[in-house]
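Colleague: For reference, TrEMBL lists these features for the protein:
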BINDING   H155, D157, H211  Fe cation binding site
DOMAIN    137-244  domain 'Fe2OG dioxygenase'
REGION    110-135  region 'Disordered'
Amino acid sequence: MTEPLFGVDRAPSSLGPGAVHVPDWMSREQQEYLLRACADWAAVAAPRSIVLPGGGRMSVRTFSLGRHWIPYRYDDDEDTPPIPEWLVRAARTALTAAAAIDPRAAVLDGRDHEPLPAEPQPAGPGAREPGPGPAYTPDAALVNLYGRGATMGLHQDRDEASLAPVVSFSLGDACTFRFGTPEHRGRPYTDVRLESGDLVVFGGPSRMAFHGVPKVFDSTAPSWCREVLGAEPGRVNITLRMTRMTRMTRPPARPDHLPYPTP
Ligand SMILES: O=C(O)CCC(=O)C(=O)O
Ligand SMILES: [Fe+2]
């Protein structure tokens, strides 16, 4: 039996400017729902070990929702299951939670500034939670299935035209998630243990940070994961991304601290 996390600090933490880890963000019910959905998608989306252009084969098995990712680009010739509306809502709520810890995590255009104003919100009774609203609309999700021994090397998520944040949900086995800087693969980096139900968001100045999964702790998933799937879940990770430039995610044409030229 896995030792419970005695004495382990599970408070939200910063992984860098605009990058946050929120432990236990999902309820067990939400995790079960998402895990079942992943199993259903996997049955139709044919997870595969991606062969990298250099010839190496990734040890995780991956499939896409919304837009099909292949190394270095999104391939719209391949059909994928759509991203359901509830998953988009989950990503928006996740961004609101991340912004409460570090507002730079929720900037939509990748700049180092406060989040862009959310869509106008109705005031009074029935007003929605403040948050990024429809402005954050991920159009691609990558689902990574980590079996025994699978890892993911340090990389940048750079195949998206938009610099909007990446929202990442973890399920099943725990792992070490390594988060570095945008400049290079090397140190400094922060290692954090991600458990089933944890949230990571990286945006703003950390949107292009190198990150990876050097280790998965086999058979550490909560026992109910096995009951849900009838099989070992391994580790399951879902990242939501905006891949296209939109009005809200386009960086400004000129730095906004410069005065406009006078005619
Ligand atoms: O598995 C993870 O936590 C990270 C996955 C990731 O970096 C990716 O899919 O690009
Ligand atoms: Fe990534």
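For all residues, glycine too, the Cβ spot is worked out from N, Cα and C.
Unlike curated records, TrEMBL annotations are generated automatically.
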Colleague: Starting from the Cβ centroid of H155, D157, H211, the recorded Fe cation site, name every other residue in that chain with its Cβ within 8 Å, sequence order please.
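Modeller: After dropping the recorded site residues, what remains is L154, Q156, R158, A209, F210, G212.
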Colleague: What mean pLDDT does the predicted model reach across the domain 'Fe2OG dioxygenase' (137-244)?
Modeller: 97
Colleague: If I restrict to non-local contacts, at least six residues apart, and a C-beta distance under 8 angstroms, what lies near D157 (Fe cation binding site) in its own chain?
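Modeller: The list for D157 (Fe cation binding site) reads V166, R207, M208, H211, T239, R241, given in order along the sequence.
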Colleague: Tell me, by DSSP, whether H211 (Fe cation binding site) is helix, strand or coil?
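Modeller: H211 (Fe cation binding site) sits in a strand per DSSP.
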Colleague: Under a three-state reduction of DSSP output, how is H155 (Fe cation binding site) classified: helix, strand, or coil?
Modeller: strand
